[in-house]
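What follows is a set of notes on a single structure, which appears directly below.
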Amino acid sequence: MDRAIGVMTCPYSAIVPWRKACSISPAAAAGGAHQGGTGAGTRRQRAHDHRLSAAAPPSCSVLLASVCNTLDALIDRLIDPPELRPSVHPGRVLSGNFAPTDELPPTRCPVVRGSIPSSLAGGAYVRNGPNPRHRLPGRTHHLFDGDGMLHSLLLPSPPSPTTSPSSLSEPVLCSRYVQTYKYLLERETGTPVFPNFFAGFHGVAGLARAAVMLGRVLAGQIKLKHGFGVANTSVVFFAECLYALCESDIPYSVFISPSTGEVTTLGRCDFDGRLAIAMTAHPKKDPITGELFAFRYSILQPFITYFWFDAAGNKCADVPIFSSEQPSVLHDFAITEHYTIFVESQLVVKPSSGSLVGFDPAKVPRIGVLPRYARDDSEMRWFDVPGFNMLHTTNAWEEAAGDEVVLVAPSHLSLEHMAVGDMELLESRVYMVRVNIRTGAVSRAAVSPESLEYGVVHHGYVAAMGILE
Ligand SMILES: [Fe+2]
């Protein structure tokens, strides 16, 4: 199975070795809809003891919930109708290749041509992406809004003398929603309860929706202790567990049955109570040490909090980055052998304006370089990189005997479109940025003239030079 580890095909999918991924019994799954596995995890099962109880009916009065629904509908109709903002009109955003799809139970898929590559056999290709369960034609919708749905293609192992007659002989495709607290609550009520965070928080309508959501919280309909993430951004296989990620929440642990291909949500994983609030959807796994490095960003100080996990999944203490001076949107970061790299772009958090995300033309983007195992940010060094508006990283490594950090990442030429949802107008170029830690010199050179984003490298090259040579 190990041969299937670490093959990343895009930021939102991964090949995972399912036999290891299934070391957790599905009997631990929240809801228990799909049971029947064998074996039981140890540390990881305990990590899910804080899993959801969202399937319980909301405790607020039906009348109060109805009032909130009415207020949301009035906001949609009178303050923020989709016709006023075509870039987030659901009829436009949720069309074509982005049209929502239904769940698919495990379905056998015969190989009609060619054969399954031996390097992938016995693994599962898993893709994550937003797929709104509730679609309101009169409510604005951003491409990033929507409940996470996992699409798993389980690939059978090659036949061997020890193969069981009941073993899979054909690939099995299965698509299931990640059963987040939001998903379960809205399934219970039959209607959207949470606002669309990207499209909904805009100007006066954003403030009004925030007030309605606060009313739902005060009424007990929404319990914020369960988070409000949609788990729709990426997947990561780490410490023998598979997680669905979204940066607005902590990871959701998911399970793929090796016997049926069924995809089950195990629960919201707080790593024995050590992970709170949120975690980036693009953590970095060191291919040599097996450690996982991550962070979260916040609208309150510390605006960045850095942390990592050892190879067994034990989380270290948080490292607050107080030298980050204003709340920025940090969607991704990078690691090298000895450093962790953050990039503050001109995309900022502006909750006071009624918008979660805004563009600050006066801000100078900068790169922060921190020793990988720092216990605080006293050794953090920031380097101005004007015009470098990065959302995703491709890779990073060290040169010049460790004096130089090299970061390869796309930079957006017009990031202001992101703030208003005009995704189609985004354009980016991939750059190689060199930061000399000893001299402070910074240089930047385009790698490709094409508009590119979401570039990734094979897991084995993370934090190491090689893929772009
Ligand atoms: Fe991303």
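Cβ atoms are placed via backbone N, Cα and C, with glycine included.
As annotated in TrEMBL, region 'Disordered' covers the listed stretch 30-52 rather than the other ranges in 30-52, 122-144. Between the candidates His282, His417, His458, TrEMBL assigns the Fe cation site shared with His331, His392 to His282. Here the binding-site residues are His282, His331, His392, and the one ringed by the most other CB atoms within 10 angstroms is His282.
His282 (Fe cation binding site) falls within neither a helix nor a strand when secondary structure is assigned with DSSP, and so counts as coil.
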